[in-house]
Amino acid sequence: MRLPLHSALPLLGIPLLLVTLISLYSGALPLSLAETWQALWRQGDSTHQLVIWQIRLPRSLMAIAVGALLALSGAVLQGLFRNPLADPGIIGVSGGAALGAGLAIVLLPTLSLPWLTLGSTTLLAFVGGMLTTLLVYRLGRGPFGTSMAMMLLAGVAVGAIAFSVLGLLNYVADDEQLRDLSLWQMGSLAGASWPRVILALLMALLFWGWSQRQAGRLNALLLGEAEARHLGVAVERLKRNAILVCALAVGISVAAAGMIGFIGLMVPHLVRLISGPDYRRLLPLSALGGALLLLFADLLARQLAPPAEIPVGLITALIGAPFFIWLLHQQRGSRP
Amino acid sequence: MKKTLVMLLALLPVLPLQAQTATESQRIISAGAGVTELIVKLDASSQLVAVDSTSRLPPSLTLPVVGYHRQLASEGLLSLKPTLLIGSDEMGPDTTLKQLQSAGVKIEKLSSRADVATLKQNIQTLGKLLAKEQQAKQLQQAVDAQITALQTGKHGLKKSPRLLYLMIHPGRPPMVAGGNTAASTLITLAGGENPAASLSNYQLLNHESLLAKKPDGLLVSQRSLQQDPKLLEHALPQMMQHPELRQLPLYPVSGQALIAGLNLGTLQAASQLQQKLLEP
């Protein structure tokens, strides 16, 4: 399949719009269509207004923003590393963020900064993600520029360190903290508040804008670093900027929603299967696809076990991976 | 005859109705094992609409479960139209609590410290919230009586025995209860001493320390012991070769007693343990 952009956009955009509307309309508290509509215009029952404006709307927008951020950074990193298995974990963000969250949950249960709506877990997850990425980047830099292979290995090693320290924290944590920690690692969009939502949406827009402008250079990079350099791409600068921007994007989404796997790795591949590897199409479609998948997963997370919720990170892979396998299978059938 | 029957019939619903009117409109979600236990004990389970996943309900009662008490989902809770959410100070996350509050749900946090004063305080607070002050007073008196009995019972012990609580699940390494656990409180209430009190929470058992700590007896979960009477031989085959350890008395403890900090079950289990310790 090589769907052109103008037919692939509605293929993902229209379902995204529909799922957004459904996730506003449905939830544990049953609302009629009329009640939803009224509450959306800030009329009618105050509880309904609260549910729409403080719970469902920010949460849906957060799912869209985080899904887009993860898928975009996956797409960019896969090009940068020229490795189909690259995902946001590869530059150390996930491990560092998990370690930061672990420190916050286990060692600093009292530290919270009330002047920020982000709590200590969020803050340290973000800081941890940033610091490990910088470390991995430093380790990958040599006298002849940044070696992607070095970075890849450094990322694995630094990730291993982060996760073993996290294991140590697991060991000293008490039952409550242990449970908090494991739930955080499964990801959840339940904490979405407006300041965070706006931050994440803004970041998603900026990230998409930036990466779209780099689409041509990223395409050139697919040929190889030397080839891209001959084509006039400032490869070193592109690599540095891309890693920083990806770390920022993933840091924000991990801090806001915990660890959500699969989207960064699989969504870009799904999009490539639909419309090919050209970054000019891959980027906007990945953003839409990531948003759609996470929003749909969150809809299920909220609906499957009311009045409780299932961590959304468990669902993304559970619905995404079989679909991906099916698509791979189809692909093989059509091109023997 | 007919008249009497009519009068009787008319009287019948009066009693329960009177009790209900004060709290009829109250719809409570309990998020915490200790809180749920107390609500049930105070005879106020009719006011409950849901509990969290750590709560244990009597078998006659089934209620929706709202998930883990530190990961409450605001919309799920709101869909049950609660008027009051009671939980321990561990309850959260804060965003959910704030959202519930702005939807007009009253939030009440009770301390989860594992001491008798806190338990009595919580009973009093709940008595007020549930309009069950009479029952609360009685329950407090019962707690006092139990504590006094335990204190007197302690004097009957020649020396305070050194007791270790081992948490043994088949196929997993045994864990020992440290100082800040309900199991440790149980041991001290009964008049014993926990040689592992310097540890915090449940820690992996160092097998040799079983000998080094020189315990006078071992506490294990009643249910595990029922499932496997040779529990210790299976979990610690090498250590149990040792004659000293083989002869240690085993004291089964009901798991309910150790779920939520210090609860009523803990006191009960402490009395039972003390009875056994006092036996020659």
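Cβ coordinates are placed from backbone N, Cα and C, and glycine is handled just like the others.
The transmembrane segment annotation in TrEMBL covers A:58-77 (among others).
Annotated transmembrane segment per TrEMBL: A:89-109 (among others), in sequence order. Beyond its flanks by at least six residues, the transmembrane segment (A:89-109) meets 77, 81, 83, 119-121, 123-133, 135-137, 151-152, 154-155, 158-163, 165-166, 169-170, 172-173, 177, 180-181, 184-185, 243, 246-247, 250-251, 254-255, 258-259, 264 of its own chain at Cβ-Cβ distances under 8 Å.
Feature annotation from TrEMBL assigns transmembrane segment to A:115-137 (among others).
Positions annotated as transmembrane segment by TrEMBL: A:149-173 (among others).
Residues or ranges marked as transmembrane segment in TrEMBL: A:193-210 (among others).
Long-range contacts of the transmembrane segment (A:242-270) within the same chain: residues 62, 65-67, 69-78, 80, 84-89, 91, 93-94, 97-98, 101, 118, 122-123, 125-126, 129-130, 133-134, 137, 183-189, 191-192, 196, 199-200, 203-204, 207, 210-211, 214, 282, 286, 289-290, 293-294, 311-313, 316-317, 320-321, 323-324, 327, each at least 6 residues beyond the stretch ends and with a Cβ under 8 Å from a Cβ of the stretch. Residues or ranges marked as transmembrane segment in TrEMBL: A:242-270 (among others).
Summarising the annotation, TrEMBL assigns transmembrane segment to A:282-301 (among others).
Within the same chain, residues 63, 183, 185-190, 257-263, 266-267, 269-270, 273, 293-294, 296-298, 300-302 sit at least 6 positions outside the transmembrane segment (A:308-328) and bring their C-beta atoms closer than 8 Å to a C-beta of that stretch. Summarising the annotation, TrEMBL assigns transmembrane segment to A:308-328 (among others).
Proximity of distant same-chain residues to the transmembrane segment (A:58-77), defined by a Cβ-Cβ separation under 8 Å and at least 6 residues beyond the stretch ends, is recorded for 16, 20, 23-24, 86-88, 90-91, 189-190, 192-194, 196-197, 200-201, 203-204, 207-208, 211, 214, 218, 242, 245-246, 249-250, 252-253, 256-257, 260, 263-268, 271, 279, 282-283, 286-295, 297-298, 312.
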